[in-house]
Amino acid sequence: MTQKNGPLRVGIGGPVGSGKTTLTEKLCKAMRDKYSVAIITNDIYTQEDALILARRQALSEDRIIGVETGGCPHTAIREDASINLQAVVEMTRRFPDLDVVFIESGGDNLAATFSPDLADLTLYVISVCQGEEIPRKGGPGITRSDFLVINKSDLAPYVHVDLEVMEADAMRMRAKRPFGFTDLHRGKGVQEIIDFIVENGGLEPRSN
């Protein structure tokens, strides 16, 4: 069903290579049969992530808009989100029944956050390959995101990372905010994230 105040806007942030685009792909493929879904991607100089998602057939091409931000990627999702807000308006014009828009940030550091004017819910993706210490380094992405995704958990033995240490640090840094370990390549942990989005975003499956 269409949201009364427009589509639910879900921001997906995280460093380069953490798995943001793969998460966006998995969420769209899992949710597109129950909800009207669209994607807005952010890249500094290209529309590479939008093209990747189109090639992977996450959604039809008309449901994907690639935004070229220029400069620092966090500016387009926080200080001046107008380019992304315009893309949301355009996507809503194309699909008046839109339920949810995933807004994928360009790769950025742990200080990146979404403006509350742009995102209703935020997911922040980190990878175990970036180091066991990442959760305890903090930063708004780690501490304030609505759901922290700790991706590539399957690679922990190969990069000498103790997942129990990461779990304890994430729990301490995030207080009671939820987080989860994922292996997005194999789809592990995706359903937990979907359940979080549906419950906290007030989504209801559209009737046939």
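The backbone N, Cα and C atoms fix where each Cβ goes, glycine too.
According to Swiss-Prot, the features are:
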type	residues	note
BINDING	G14, P15, V16, G17, S18, G19, K20, T21	GTP binding site
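Shown on the structure are the features that Swiss-Prot records.
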residue : record           : contacts (Cβ under 8 Å, 6+ apart)
G14     : GTP binding site : K20, S105, G107, D108, Y124, V125, I126, G141, V149
P15     : GTP binding site : G107, D108, N109, L110, I126, S127, Q130
V16     : GTP binding site : G107
G17     : GTP binding site : G107, S127, C129
S18     : GTP binding site : G107, V125, I126, S127, Q130, N151
G19     : GTP binding site : V125, S127, V149, N151, K152, T182, L184
T21     : GTP binding site : T41, D49, I52, L53, E104
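Compute the center of the Cβ atoms of G14, P15, V16, G17, S18, G19, K20, T21, which mark the site for GTP; besides them, the chain residues with Cβ within 8 Å of that center are G107, V125, S127, N151. Note on K20 (GTP binding site): other Cβ atoms within 10 Å of its Cβ, all shown chains, come to 28.
Reduced to three states, the DSSP call for K20 (GTP binding site) is helix.
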